[in-house]
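For reference, the structure is listed below as structure tokens.
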Amino acid sequence: MSKAIKKIGVLTSGGDAPGMNAAIRAIVRTCSYHNVECIGIFRGFQGLIDADFEVLGPRDVNYIINKGGTILKTARCVAFRTEEGRKVAYDNLKKAGVDALIVIGGDGSFTGAMVLSKEFDIPIMGIPGTIDNDIHGTSHTIGFDTALNTVVDAVDKIRDTASSHKRLFFVEVMGRDAGHIALNAGIGAGAEEILIPEENMGMERLLESLKKSKKSGKSSSIVIVAEGEKLGKNVFELGEYVETNLPEYEVRVSVLGHMQRGGAPSCFDRVLASRLSVKAVETLLEGGSNYMVGLINDQVALTPLEQAVKGHSPVDQELLRVSDIITI
Ligand code: ATP
């Protein structure tokens, strides 16, 4: 039988995402509900190595459910990739009496946690916190919905200028390896074209489509481009190329950048973070380990971390079809 868990550590790692605070809050309060102590670990795995810990009680997480970022801070930690670094981390956890760990982050953070768990036999759980929605085993990662709303809001504003000046705007959104933000926000914002890493549209087709769009009576257009799209050009080169080949268009480029990560989490992300966090704590208390908690068919579900890290989160073919049809 697994050892009774009396103290759970929580950390946020990798890129920050809106809703991480809602998750921390729910973890702290679920621990308190079950009479388990909760230890906040600052700056991700770096905080494990530096023993940067603080006991968190239910009142320490008042008024954070509405805040973007993470009160625990986050970091990318090179030392944790080494065995010596992880040994220091484990010794610090042991000294502090921490029996189990919850990691809120992306697949890199889950990989780090799995290595630690394997080497030192410490129970761990992963909660997917990233705006990219690129993790297998959950329909939504914490932060994705908020990021979509931020992008749609920004594109709505850009469209005012695009339509007033009859311009073509290329708007770059986050997503180096995954086009989930571009595809969903593109549909939501009524973009004329959506360029994503999973699909190579080709320059010729893009030009043809924009020509068709102009002929059909559209006087302005928005093209959403994911950072990692595959046309082999960055968004500025793409804009220049289109302006050279379609002189009838006046092209402008807008890169939304880090604004997509910030801001108050949407209600959806707050509820999601709360649901996943309660399940993460309770799974540990029931003796479970090495799972990611996610949402599958709107139900909270566990996926082995190994699968979550190795699996793909493919782009939704139905959304691609919807986008093709409604941009006519
Ligand atoms: P995001 O999706 O926002 O990038 P992420 O969790 O994937 O989040 P990473 O930078 O890939 O972010 O990983 C976060 C941290 O996890 C790294 O800085 C490192 O400390 C740890 N980590 C990642 N991969 C490993 C690994 N193979 N072994 C040990 N630690 C790792």
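Backbone N, Cα and C define each Cβ position, glycine as well.
Marked as active site, proton acceptor by TrEMBL: ASP132. Counting every protein chain shown, the Cβ of ASP132 (active site, proton acceptor) has 25 other Cβ atoms within 10 Å.
If you draw a 10 Å sphere around the CB of ARG76 (ATP binding site), it holds 15 other CB atoms from the protein chains shown. The ATP binding site annotation in TrEMBL covers GLY15, ARG76, CYS77, GLY106, ASP107, GLY108, SER109.
With a 10 A radius on its CB, ARG29 (ADP binding site) counts 20 other CB atoms from all the protein chains. Sequence annotations record features per position, and here TrEMBL assigns ADP binding site to ARG25, ALA26, ILE27, VAL28, ARG29, ARG159, GLY190, ALA191, GLU192, LYS218, SER219, SER220.
For the recorded site, ASP107 (ATP binding site), the DSSP three-state label reads helix. Residues annotated as Mg(2+) binding site in TrEMBL: ASP107.
Positions annotated as substrate binding site by TrEMBL: THR130, ILE131, ASP132, ARG167, MET174, GLY175, ARG176, GLU227, ARG252, HIS258, MET259, GLN260, ARG261. In this structure, ARG176 (substrate binding site) belongs to neither helix nor strand by DSSP; it is coil.
What TrEMBL lists as domain 'Phosphofructokinase' is 7-283.
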Secondary-structure category, per DSSP, in which ARG252 (substrate binding site) falls: strand
Cβ under 6 Å from ligand 1: qualifying binding-site residues of ARG76, THR130, GLY190: ARG76, THR130
Cα proximity to ARG29 (ADP binding site), best match among binding-site residues ARG76, ASP107, SER109: SER109
